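Taken verbatim from TrEMBL:
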type	residues	note
DOMAIN	64-174	domain '3-dehydroquinate synthase N-terminal'
BINDING	102, 103, 104, 105, 106, 126, 127, 139, 148, 166, 167, 168, 169	NAD(+) binding site
DOMAIN	178-327	domain '3-dehydroquinate synthase C-terminal'
BINDING	181, 249, 266	Zn(2+) binding site
Ligand SMILES: NC(=O)c1ccc[n+]([C@@H]2O[C@H](COP(=O)([O-])OP(=O)(O)OC[C@H]3O[C@@H](n4cnc5c(N)ncnc54)[C@H](O)[C@@H]3O)[C@@H](O)[C@H]2O)c1
Ligand SMILES: O=C(O)C(=O)C[C@@H](O)[C@H](O)[C@H](O)COP(=O)(O)O
Ligand SMILES: [Zn+2]
């Protein structure tokens, strides 16, 4: 098992990574004495609920199983969860367990942030995306029909326990969604990791033990280091280190909102967003054209989409991107690449280059 700590000044929490960790009841010893409620989705429940429920001796009435997928990441689900928590009289020293992918993690984390003004929660991520990204760092929230993740809170988990053995049952399309966020880390902060991904892509896609472990660990290391510097994306007026984790996401969120959160997976939208961010960075003369091509090639080779949804126009992007959370003083700020492995936050780019990228991708 690998263990990393997310260091947050006087606070910290561990991320445990390894195969078979959900079979290690001892790893949950720190929380088992608390009043517990577990929330998961139907797909995850079918595979992993019985084991976790058994090891925590959780009564069935303390488990809530939601429909799977992004369409559960809504305020309506929050209301349902609040009602359930209150009906079951969870006290303030209670603790929520999020068993599932990023949807369950974001939703349950947000419920933990607001229930009785904030209670503890634990992340048990079961998708590749959740193990490399969403379970770490405390961004929680839900979508609004007008914009992705528009309602939320920063609320850190007490513990992250990533059992890589759960990825065996994950459908290939969902695995690829996680690969997109892994490629993001290479592009934004580690050209060596990007080159490793170019070499090991097939092993990673096949869930080779060593490749998977390294990719999850390296991704979590990078995310933990960034979160430690800028926990609430508040440094430099929101243009500090944490914003870099948003590489490709302004385009991606526009795609997800345009398609009403029910056609494209987050990771698929991120894949296209990364291509668009690389394209724009090359048009600005920052990223070399060969390196922009390497980014797109790795994404395409993975089997991820590299084109925007049919029917989405440049004006659709402009309208949706103008609502992005990184907009400040009416100005759009994007995460762009100075070179492979070095992203920057910039509101100071030539708008004609952005127009050219949007026209190119929507032609
Ligand atoms: N908070 C953050 O920092 C952060 C970071 C990245 C993404 N996100 C969010 O994460 C969400 C996407 O998460 P996701 O890609 O994990 O999707 P998801 O949670 O919808 O899970 C994907 C699908 O896989 C199923 N599943 C989960 N684990 C499984 C397993 N082990 N075996 C079989 N099926 C399994 C789920 O039921 C679901 O159908 C988006 O809402 C995105 O915005 C948040
Ligand atoms: O943790 C972060 O910070 C990220 O930006 C990680 C992203 O991969 C993730 O999709 C996040 O939910 C995006 O957050 P948002 O603030 O752009 O909604
Ligand atoms: Zn993301």
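Just so it is clear, glycine is given a Cβ too, placed from its N, Cα and C backbone atoms.
TrEMBL feature annotations superimposed on the structure.
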residue: 102; record: NAD(+) binding site; contacts (Cβ under 8 Å, 6+ apart): 125, 127, 129, 130, 133, 134, 135, 266
residue: 104; record: NAD(+) binding site; contacts (Cβ under 8 Å, 6+ apart): 39, 40, 41, 44, 66, 72, 98
residue: 106; record: NAD(+) binding site; contacts (Cβ under 8 Å, 6+ apart): 73, 134, 139, 140, 141, 142, 149, 152
residue: 148; record: NAD(+) binding site; contacts (Cβ under 8 Å, 6+ apart): 253, 256, 257, 261
residue: 167; record: NAD(+) binding site; contacts (Cβ under 8 Å, 6+ apart): 126, 127, 128, 131, 175, 207, 212
residue: 169; record: NAD(+) binding site; contacts (Cβ under 8 Å, 6+ apart): 47
residue: 181; record: Zn(2+) binding site; contacts (Cβ under 8 Å, 6+ apart): 129, 132, 133, 219, 267, 270
residue: 249; record: Zn(2+) binding site; contacts (Cβ under 8 Å, 6+ apart): 270, 273, 335
Segment-level pLDDT (mean, integer) for the domain '3-dehydroquinate synthase C-terminal' (178-327) = 98
Query = Per DSSP, residue 127 (NAD(+) binding site) is which: helix, strand or coil?
reply = coil
Note = Those binding-site residues among 102, 167, 169, 249 lining ligand 2, judged by a Cβ under 6 Å from any of its atoms, are 249
Inquiry  = Suppose we screen the binding-site residues 102, 106, 169, 249, 266 by Cβ distance to ligand 1 with a cut-off under 6 Å; which survive, in sequence order?
reply    = 102, 106, 169, 266
Ask   = In which DSSP state, out of helix, strand and coil, do we find residue 148 (NAD(+) binding site)?
value = strand
Message = List the residues in the vicinity of the Zn(2+) site, defined as same-chain residues other than 181, 249, 266 with C-beta within 8 angstroms of the site's C-beta centre.
response = 129, 133, 180, 184, 248, 252, 267, 269, 270, 273
Request  = Check residue 106 (NAD(+) binding site) against DSSP and tell me helix, strand or coil, would you?
outcome  = helix
The domain '3-dehydroquinate synthase C-terminal' (178-327): DSSP-derived helix, strand, coil residue counts = 108 helix, 0 strand, 42 coil
Inquiry  = Using DSSP and collapsing to three states, where does residue 167 (NAD(+) binding site) fall: helix, strand or coil?
reply    = helix
Remark   = All chains considered, the count of other Cβ atoms within 10 Å of the Cβ of residue 266 (Zn(2+) binding site) is 28
